[in-house]
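Engineer: Quick one: the structure is below, questions incoming.
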Amino acid sequence: MIEIKSVSLVREGQRVLDSIDLLLPRGGLTALVGPNGAGKSTLLSLAARLLPLQDGSVTIDGLPVESTPGKLLAKKIAILRQDSGPPPRVSVRDMVGFGRFPHSGGRMTAQDRTMVEEALARFELEALANRSLDRLSGGQRQRVMVAMTYCQDTDYILLDEPLNNLDMYHARQLMLELRRLVDETGRTIVIVLHDINHASASADRIIAMKNGMIAADGTPETVMRTEVLEAIYGFRVPVIETNGMRLALQYASCAP
Amino acid sequence: MFVPAIPLHRRVVMSAGLCLALLVVASLAIGVEEISLSSTARSVPLADLLSISRLPRTLAAVLCGAGLAVAGQILQTLTRNRFVEPSTAGTAQSAALGILIVTLFLPAAGLGMKALVASICALAGTALFLSTAHRLPPEQPHLVPLFGMVYGGVVGAAVTYVAWQNDLLQYLDIWTNGEFSGVLRGRYELLFVAVVIVAVAMLIAERLTIMALGEAQATSLGIDYRRMTQIGLVLVSVMSALSVVVVGLIPFVGLVVPNLVSRLSGDNLRGTLPLTALGGAILVLASDIAGRIIRFPYEIPVGTVMGVIGPAVFLWFVLQERRDA
């Protein structure tokens, strides 16, 4: 369980997070949605000890993130942030293999290698395995990063906008794959999404953030409602129900 | 650990090794004192010539080259910028400042003391560079080397000023322009520390490669980013300081070699560091040999030779980078 207790963060005089309390029990696919600048990425980074806590506490299975050795945490929780920096000239296979570092310490065993191959297959990257990362498109690179994060083989996986740059096919594939991971291996996945319809279709729970606070929290049925979405995004979003799913029609011509 | 897909890399390493071996033989043979098996009327016995002068000189060039190339690679990893190296990050200039301080306050101090103080100064100077470089906007990669050159220039100017005030300008030239002609047995052995530095770098190669992905990614993979940065800084600083103390500043090796290797074999340091070390040794030794031949029997310092080759290659890289983008 990830336990976030009264976490606040102030950056350059701006309150980014305002006393967030959140319990993420083991298992399940949780989508984090909300407008730009709501504090979603910051919350994820704090939970995964990539930013120092200013106020409040975060524990993962009872381990406080700020005092637990990084090596130990790296076997519990993996985080993928939004892409930054120039891509290195490293092969896709090597890159995915870096995900094994917390386990292998740099010396890959046969088991580590099997895991890498499995990750390559799972995210349909076999054909690219020997290509250098700087020769891939943004979407391909994004899938490599997700595969690397998966390869870390942690109970908790935090993904910050992994659908960035992905085409319709690969976005859907990734969501299906994450769903399968949760259902088959009991992993806990938290994913920041901008496409709330993906959240509605795949997530067990949707947490909406706004202005550094939690604006809505519940199953897709409770969050995917016109009045709730209006409170979050500030405009009327028609919601229809089809194939047992609630879909938001946020498109320009779908006037309410 | 090479994926079977790149036997090319292995071939490159082997040819580099062969190339270095040939250069070593050439370096032992070339000099003012002629070496031939038939000459009986030589002024210096062959064994002495080799063991006192030629071999130390050759080894010094190999060790400096390998160490500086690896140091450049580490610095590029820490800054996440391909265009920095110890002489454009204030490292070498800070080391010169250290030697100057020792010369002023402990004129009787030996090479070891000089190396120690130079290393400490280099460490402080590079740490300051790094902490500033991390604050520069990452979307403008050329700002980092630009800042480094200005920063190195400022430290260098301070060194010159202090040296001028104390009538030490002539000494200063010895440290700021790398040269191997003064290398003799008993005066270069400190450079064997380069072997340790290269070995440590190879041990932490995987960590360094992951660190090049950025602090967040490295932390997520369980790497203690701060501690590894400190270790990297020590490696870079000690290597640069040693080379400045023993032979003087050799610019551009740490820049040219890692960039060439990256183009040939990629950025997975675990596979490429041996090639980087070999490449550095080749470049410096070849430059030293060239410096000995060009106006034989006089010599051109290796720092000068490198000062001509380096910027040309650097410019080519920058232009290539633009074409690739």
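In case you wondered, yes, glycine gets a Cβ from its N, Cα and C as well.
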Engineer: What range among B:7-26, B:87-106 does TrEMBL record as transmembrane segment?
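Structural biologist: It is B:87-106 that TrEMBL annotates as transmembrane segment.
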Engineer: Does the transmembrane segment (B:87-106) reach the transmembrane segment (B:190-210) with at least 3 CB pairs under 8 A, where each pair is 6 or more residues apart?
Structural biologist: no
Engineer: Quick one: do the transmembrane segment (B:298-319) and the transmembrane segment (B:143-164) reach 3+ CB pairs under 8 Å, ignoring pairs fewer than 6 apart in sequence?
Structural biologist: no
Engineer: Which one, B:55-75, B:112-131, B:190-210, B:231-257, B:269-286, has the most C-beta pairs under 8 Å toward the transmembrane segment (B:143-164)?
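Structural biologist: Top-ranked stretch among B:55-75, B:112-131, B:190-210, B:231-257, B:269-286: B:112-131.
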Engineer: Against the transmembrane segment (B:112-131), which of these stretches has the most C-beta pairs under 8 Å: B:55-75, B:190-210, B:231-257, B:269-286?
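Structural biologist: Counting Cβ pairs under 8 Å, the winner is B:231-257.
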Engineer: So if I exclude everything within five residues of the ends of the transmembrane segment (B:190-210), which remaining residues of that chain have a CB under 8 angstroms from its CBs? That is, six or more out.
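Structural biologist: Hits for the transmembrane segment (B:190-210): 59-60, 63-64, 66-67, 70-71, 73-74, 77, 111-112, 115, 217-218, 221, 223, 228, 231-232, 235, 238-239, 242-243, 245-247, 267-270, 273-274, 277.
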Engineer: Can you work out which residues elsewhere in the same chain, 6+ from the ends of the transmembrane segment (B:231-257), have a Cβ less than 8 Å from its Cβ atoms?
Structural biologist: 60, 64-65, 67-75, 77-78, 83-88, 91-92, 95-96, 98-99, 111, 114-115, 118-119, 121-123, 125-127, 130, 174-180, 182-183, 187-188, 190-191, 193-194, 197, 200-201, 204, 208, 211, 276, 279-280, 283-284, 301-303, 306-307, 309-311, 313-314, 317
